[in-house]
Amino acid sequence: MRHLFNTDAEIYEAIVKEYERQFYHLELIASENFTSLAVMEAQGSVMTNKYAEGLPHKRYYGGCEFVDIAEDLAIERAKALFDAEHANVQPHSGTQANMAVYMAVLKPGDTIMGMDLSHGGHLTHGAKVNFSGKIYNAVYYGVHPETHLIDYDQLYRLAKEHKPKLIVGGASAYPRVIDWAKLREIADSVGAYLMVDMAHYAGLIAGGVYPNPVPYAHFVTSTTHKTLRGPRSGFILCKKEFAKDIDKSVFPGIQGGPLMHVIAAKAVAFKEAMSQEFKEYARQVVANARVLAEEFIKEGFKVVSGGTDSHIVLLDLRDTGLTGREVEEALGKANITVNKNAVPFDPLPPVKTSGIRLGTPAMTTRGMKEDQMRIIARLISKVIKNIGDEKVIEYVRQEVIEMCEQFPLYPELREEINHLAKIKATY
């Protein structure tokens, strides 16, 4: 980082402070993770300089022979990782991956059906504030009021009533296994396409610990970060029969030049996800989440759906009289990073919420296992049960710092920062 250190002190300091925050905080936001240094090196490479509109070997610019190699590798690795017939790795994000599928098969005003945002869905699955709910007629399915599991009977009834052209599977705050086969059965019964947004579960699917939607869905979209532990970006998988439509929808449909440095980083992440070590990582992510949920239940808290099959744990705080925002802020002071989150049938608005969402991907990347999850659950419980007690918050903060030092993050980067700090001290 010496070039940045010498060129832009303000940005350098912001990056160093963000590194220190990541190092000394328990990162429990379910959609966040820590990429490998190899992924970051690829993303920070000379490929950032190259424009490459079009597809590999069919570019609108010259000089693309080496970025073609990177994109070819990313495509083939994505296909192999998820057993897919076709992959487009150019979407800049999960949102743009979803948009590309919509644009490929829908017309404005067509009906789509996705999971209700307040029940665990995502903005791009038809929320009224999002393009998906503005351009298309969105209908929402949800979870059962008692079990908090997807209500497939309701989903079927709504599909029969509204005849959607596309049904969206997947979620951003649903901790359980989703029955992809059931979704396809319902989609077929009304002549709808099935698109699965596996963004949250992609790494678990790659690791073999969560069901793969590819055999069932017409289209599968995803991000490449979260459980997949790659750069912040997206991709699309589909059957060969839809390949041309998807490729044209991405470019020139919704994007111009792809980000070749990010595509190179995706290729690295896909290769990492093919390893036996990654399979063990995915298994540990789920094991950690299950222990976290179990400990919260022992501490007297209500866990939505009674547990988890994934990396997500959703706490319902209504019995505590606290809002998600209050708990998020209190935990933040104790160096524990979570996000406030709606729970099913939440009476509070999104800026407050009645719950918090936690996830285990980032802490598992740092090497933490079941014993650490038990400690983390107890520390979080201590803060919630003593909300507003600054002595308790400081005690927990010190415990967190000590734990984080036992599982260092990017030690090579830390050495470089310390070296540059010594140089700065001599100025």
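Just so it is clear, glycine is given a Cβ too, placed from its N, Cα and C backbone atoms.
The number of other CB atoms found within 10 A of the CB of Leu117 ((6S)-5,6,7,8-tetrahydrofolate binding site), across every protein chain shown, is 24. According to DSSP, Leu117 ((6S)-5,6,7,8-tetrahydrofolate binding site) is assigned to a helical segment. Annotation comment: Swiss-Prot describes Leu117, Gly121, His122, Leu123 as (6S)-5,6,7,8-tetrahydrofolate binding site.
Secondary structure at Lys226 (N6-(pyridoxal phosphate)lysine), as computed by DSSP, is helix. Annotated N6-(pyridoxal phosphate)lysine per Swiss-Prot: Lys226, in sequence order.
Counting only same-chain residues six or more apart in sequence, the Cβ atoms lying under 8 angstroms from the Cβ of His225 (site 'Plays an important role in substrate specificity') belong to Ser31, Glu32, Asn33, Thr35, Pro231, Arg232, Ser233. According to Swiss-Prot, the feature site 'Plays an important role in substrate specificity' maps to His225.
Residues Leu117, Gly121, His122, Leu123 make up the record's (6S)-5,6,7,8-tetrahydrofolate site, and a Cβ search at 8 Å around their centroid adds Gly114, Met115, Asp116, Thr124, His125, Gly126, Ala127, Asn130, Ala171, Ser172 from the same chain. For the pair Leu123 ((6S)-5,6,7,8-tetrahydrofolate binding site) and Lys226 (N6-(pyridoxal phosphate)lysine), the C-alpha distance works out to 17 angstrom.
Leu123 ((6S)-5,6,7,8-tetrahydrofolate binding site) falls within a helix when secondary structure is assigned with DSSP. Here the recorded positions are His122, Lys226, and the one with the most other Cβ atoms within 10 Å of its Cβ is Lys226.
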